């Protein structure tokens, strides 16, 4: 018999110590990695529930195992909420991650060797959109598109490439692009050659749910997202579609299970259901509006301090500092800011002279700091601290002074009160 008082601390002190240290790190560091966020205690309650014990291969009402009557309710709640939140008429909540969701789309609609058009990773795309180091870049013939000298998607060039290469699929979406994508224009280009338009909205799903960023669901054939990042739910994936194409929906379902996965993670799906309900609350819209305001406020400060921002600004939750003119690498900036308890990630910039392991840029995002209560005044101050560190990257006194300021504001604005 398992006793409920069993705990990690008494059984595995070494593991528990590392877990506790991570809690302290999250509370005492300012998190600016654009893909990270803090999920609610309700979501964590779902993920730590007895649902983790249940195997449920198949879909609600069509399982291969018995005893699924209650997890069917859980999954159907998640499906219905996802459809309502994003205006879709199809949703699959089973993908274990955004990458798994993307590969389910590829499996459903492509054959190895088919041509796809995806945003260049160095211009803000994602590994799973055809990067040569990713399986998507090995299985398919990839034609990359990028951004112009103003940092915007060049739709005219995209249309020309589409006409030249006749891809079977055009991929929209990004991991480090701060502009607004014209989904209708992308669909127009896809339709002109009879291609699928597939949009990976993982980075902006929360903003889209709140009406702060344009929704691709009415325009794309298929949309995927993660359920963490701006959506602030558990780590996982989601596939959406609209248009009533039942044949497409069957292909997508089969590509997830049994095509790419076995049993779904029911405790995570419960967490997704909770997060999707939270995203329907008025407070969530206010939060996402603040995420965008905070990103713009930070950009204003770094530009005033003489730093270059790719695209010249931001229209979402992130921006990319281009450090080429500062003779700094992204790796150096990442490390120095880390010593000041400010967590960012090094990131390639367009036409980056450095390798992906070094880079010439830093990606900065505001979902996590906004989640803990930062407003415009707070992030303006924070942006100034970032510039102070980057201006004096080898001055440990500056880094220590900044770290003290970080600890003070983190104590004032905790993640979990």
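Just so you know, glycine gets a Cβ as well, placed from its N, Cα and C.
Swiss-Prot has this to say about the protein:
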BINDING   121, 125, 126, 127, 355, 356, 357  (6S)-5,6,7,8-tetrahydrofolate binding site
MOD_RES   229  N6-(pyridoxal phosphate)lysine
SITE      228  site 'Plays an important role in substrate specificity'
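Structure coloured by features recorded in Swiss-Prot.
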residue	record	Cβ within 10 Å
121	(6S)-5,6,7,8-tetrahydrofolate binding site	24
125	(6S)-5,6,7,8-tetrahydrofolate binding site	25
126	(6S)-5,6,7,8-tetrahydrofolate binding site	24
127	(6S)-5,6,7,8-tetrahydrofolate binding site	16
228	site 'Plays an important role in substrate specificity'	27
229	N6-(pyridoxal phosphate)lysine	27
355	(6S)-5,6,7,8-tetrahydrofolate binding site	11
356	(6S)-5,6,7,8-tetrahydrofolate binding site	14
357	(6S)-5,6,7,8-tetrahydrofolate binding site	10
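Cα of residue 228 (site 'Plays an important role in substrate specificity') to Cα of residue 126 ((6S)-5,6,7,8-tetrahydrofolate binding site): a distance of 16 Å.
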